[in-house]
Amino acid sequence: MRILISNDDGVTAPGLAALHAALVDYAECVVIAPDQDKSGASSSLTLDRPLHPQTLANGFISLNGTPTDCVHLGLNGLLAQTPDMVVSGINLGANLGDDVLYSGTVAAALEGRFLGNTSLAFSLLSRQPDNLPTAAYIARRLVEAQSRLQLPPRTVLNVNIPNLPLEHIRGIQLTRLGHRARAAAPTKVVNPRGKEGYWIAVAGDAEDGGPGTDFHAVMQGYVSITPLQLDRTFNDAFEQLDGWLEGLL
Ligand code: MN
């Protein structure tokens, strides 16, 4: 098994090192990660300049691009052998509900969707690294178990881990995505030379976070696993749209 590891917090992030350390004696691991924090990059590709991979002293490959660039190159020619599986993270911070739209952590996993093995995205519900060992242990267990998993291609597992020591984790729950409320307005700032700008605010709170959702599971101390698929077609809208389009053209 050859595993391509990436993230969106950047190649020097502690979550990336923790994930690599958890998997390195299980499989042949290659790390390709952005040279800076690309959180919020979603599935963006860099098309306006060339990408330059740089191998660091620890063997990780740093790329001046996005998480999707990293996995895209990793699966399409950069490596001597194509990886079998993509694992992303461990992100410091939740990727719950609407977060998956913006998440570079989830995006890196999604870029592995053509592989036979289901890609995994891992996020810890903390900006601090204290409970990374919890997340790393769970990542290792799930990556090992993945060999028994037969999901269709273009499926990703979005895994969120509560910010707890391992002995306080109550188990694993399969969940659906909840929803967040709208974020607060961006904060207006002025730089020392008088130029105005905006800091985008943190994500909104859970608005749909009841039982069955990813929000609820992690709040109750469970690891949340939400299976994601690329197809976002809203099949239930077809009937209404059929009526709406009748006689239009
Ligand atoms: Mn991130």
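Cβ coordinates are placed from backbone N, Cα and C, and glycine is handled just like the others.
TrEMBL does not curate its annotations; it predicts them automatically.
The candidate list SER39, SER42, SER43 contains one residue that TrEMBL assigns to the divalent metal cation site with ASP8, ASP9, ASN91, namely SER39.
Counting other Cβ atoms within 10 Å of each Cβ, the binding-site residues SER39, ASN91 show the lowest value at SER39. The Cβ of ASP8 (divalent metal cation binding site) has PRO34, ASP37, LYS38, SER39, GLY40, ALA41, THR66, PRO67, SER88, ASN91, SER103, GLY104, THR105, ALA107, ALA108 as same-chain neighbours under 8 Å, each 6 or more residues away in sequence. Summarising the environment of ASP9 (divalent metal cation binding site), the number of other Cβ atoms within 10 Å of its Cβ, over all protein chains shown, is 23.
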